[in-house]
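Reading through the structure tokens given below for one structure.
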């Protein structure tokens, strides 16, 4: 394949690993390299990535830096939260949901520039290789895919550093840079590696980059109100912001109050178990609020069906199948359920906790106090329950008369 590749688009962060990949592609494939850097809210200056690419011989016209923050939240994060998606009961899918957008945009740049290949920096052990490559192939089945970690012999940190030094790639460590393997976007930040590879070892407090420790969070709680339209967040405390602005604001609130830390061992799609630590402050608040709104606006059976389908939906995202027909089918069903998910939720934030203290919907609430009051009945006849119970118990009655024991 090496002689067949003339131009490749590399998902490029400007960091050491992808800079080594850039040089390796030039040397091993003798091809033209186009770099693509996505801004999905990782909180880093992206101009250094441009300068780094230029220093490694990339032409100015072959450097693409795109601000995808609003698209990421509007078209990926919000649809996922309409489903209340959680993987294995805990993980809010912060890394998983970012990969489809990066892959799609990278494939589009490949088509735009006439490239015949794409490349990524995901290892051969993880889920990201699957997520990226399923995304590439969904948009351009003819693209060749170069996954250096599955090809090269630079299989240790020492070999990588030696290669970088040999080719004049700066290997100086940024001041304050974490030693952990991290991935960040507007929804979360993740940590892997080092002491975290022992699931019995507690993470150090200074590992957490975003949020206050709940112990150090303010001693006074904070009450906020979130407004929703068709299942999507549209305002915080009455202030309407862009999708990215809303999630940024929620992150600030969550970090301030020590909300959204998570330490889990998850089952990777490739078959192994992996320990990861995550901070998802805004997403944790958003999920709590959305479920509270659905509690008054969704029909019982519709809500229960959503809950049954959610694990499948979450697994599809985790495993990289965002662009699959089955995910789109589920999304259509989920979006239909959100037509009446309109209203306001009041929350109290305090030392790592998100507590729902109110929910209302002017036109779409199915909560009717007249039916569930403990005071004198006016619209509900309690005697009706006797027949309801007897009909539901009929199979037990018949089985009992047949001599069956339970």
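In case you wondered, yes, glycine gets a Cβ from its N, Cα and C as well.
According to Swiss-Prot, the feature ATP binding site maps to 11, 12, 13, 14, 15, 16, 17, 18, 19, 38, 121. Residues or ranges marked as L-citrulline binding site by Swiss-Prot: 91, 96, 127, 131, 181, 190, 266, 278. Swiss-Prot lists 123, 127, 128 with the feature L-aspartate binding site.
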Most Cβ neighbours inside 10 Å, all chains, among the binding-site residues 17, 128, 266: 128
Integer Å distance between the CA atoms belonging to residue 96 (L-citrulline binding site) and residue 128 (L-aspartate binding site): 8
Residue 121 (ATP binding site) to residue 127 (L-citrulline binding site) - Cα separation in whole Å: 12
Binding-site residues: 13, 96, 181, 190 - member with fewest neighbouring CB atoms within 10 Å: 181
Residue 96 (L-citrulline binding site) versus residue 11 (ATP binding site) - Cα distance in angstrom: 16
13, 15, 17, 123 filtered to the binding-site residues whose C-alpha is within 10 Å of residue 278 (L-citrulline binding site): none
Sparsest Cβ surroundings (other CB atoms within 10 Å) among the binding-site residues 15, 121: 15
Sparsest Cβ surroundings (other CB atoms within 10 Å) among the binding-site residues 91, 278: 91
